[in-house]
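Here is what Swiss-Prot records for this protein:
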type	residues	note
BINDING	Gly52, Gly53, Tyr54, Asp71, Phe98, Asp119, Gln126	S-adenosyl-L-methionine binding site
REGION	1-21	region 'Disordered'
Amino acid sequence: MNALPIRTAAPSGHSGGHSSTGTHVPVLLNEVLETLSPAPGGVFLDGTFGGGGYTRAILDTAEDSTVWAVDRDPAAITRGEALAARYRGRLHLIQGNFSQMASLLTDRGVNALDGIVLDIGVSSFQIDDPDRGFSFRTDGPLDMRMAGEGTSAADLIARLPEAEIANILYELGEERKSRQIARAIVSARAEEPITTTGRLASIIRCVVPPDRSGIDPATRSFQALRIAVNDELGELERALQQATNLLQPGGRLVIVSFHSLEDRIVKRFMNDAAGNAPSPSRYDPRGLVARTEPRFRLITSKAVRPGTAEQNANPRSRSARLRAIECLRRETTP
């Protein structure tokens, strides 16, 4: 296939940037297209539609292809309506979680796919909108809800005990000073509710001094709260199993993740699906059970990372990792 050239992107998004014309440019665009290898007439799922960059590239690359685009954020679906009008009959927008992709698609008569792409995490549009409450760089309401419903980050830190806040920061943000930050949050909320991103970031920065990396001290804590608010790791694990059951032989699952927690889940799942899981001990009774032939093969032996040019153009792409598998056969039902 002919991969599209990557356009220069401004550093304005976690999972993508914007060109000088305002077009959304997703991270690892060339690499995603090359790995997905969309064929003419194929049916694909963009499970994290966002700004529509991957969807647009698939539709432009593969003649007569169809994309079903899912996003939990109503704003993303609204933005996508103009794109759907442009690709009349080829792009179908669905508001919902990618962890529900099986039911969302089967309810619409789609039972098999030629490819799936997932860009895990917060989108550039969400980060760059202060009112969504994802960023510590601009002051706004402490929200972080991707779908705009459920428990907000402000609600979370207002009601959770100190120990639970510390656990979230440590387990989901890998923040070493999680206990000190949790203690500072509980102390601050006793004086006044923490309702803005600016105040929370200030509290964290008073506990965690800046280091030589140049990474803002609030980065890990904000990541942890966002993951907790949106149950991102749970959503990912549920989505992976459904994705593999939807792919037909030759279909590929391509995933771009942005931090080590996600990448570990994806790597482990893909290795297991491809039959590359470590052999059990000969003393483990489970090892006596005959292994079935794997239904998938690894496309990426190791994670694909953005090149220097893309990292320089969009610094937020630096942590991106791409992994992919290809379906060899569909699961047969007895």
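The backbone N, Cα and C atoms fix where each Cβ goes, glycine too.
Where Swiss-Prot records a feature, it is marked here on the structure.
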residue: Gly52; record: S-adenosyl-L-methionine binding site; DSSP (3 states): coil
residue: Asp71; record: S-adenosyl-L-methionine binding site; DSSP (3 states): strand
residue: Phe98; record: S-adenosyl-L-methionine binding site; DSSP (3 states): helix
residue: Asp119; record: S-adenosyl-L-methionine binding site; DSSP (3 states): strand
residue: Gln126; record: S-adenosyl-L-methionine binding site; DSSP (3 states): helix
Residue among binding-site residues Tyr54, Phe98 with least C-beta crowding, 10 angstrom cut-off: Phe98
Same-chain residues at least 6 apart in sequence whose Cβ lies under 8 Å from Gln126 (S-adenosyl-L-methionine binding site): Asp73, Arg132, Phe134, Met146
For S-adenosyl-L-methionine, whose listed binding residues are Gly52, Gly53, Tyr54, Asp71, Phe98, Asp119, Gln126, the greatest C-alpha pairwise distance in Å: 17
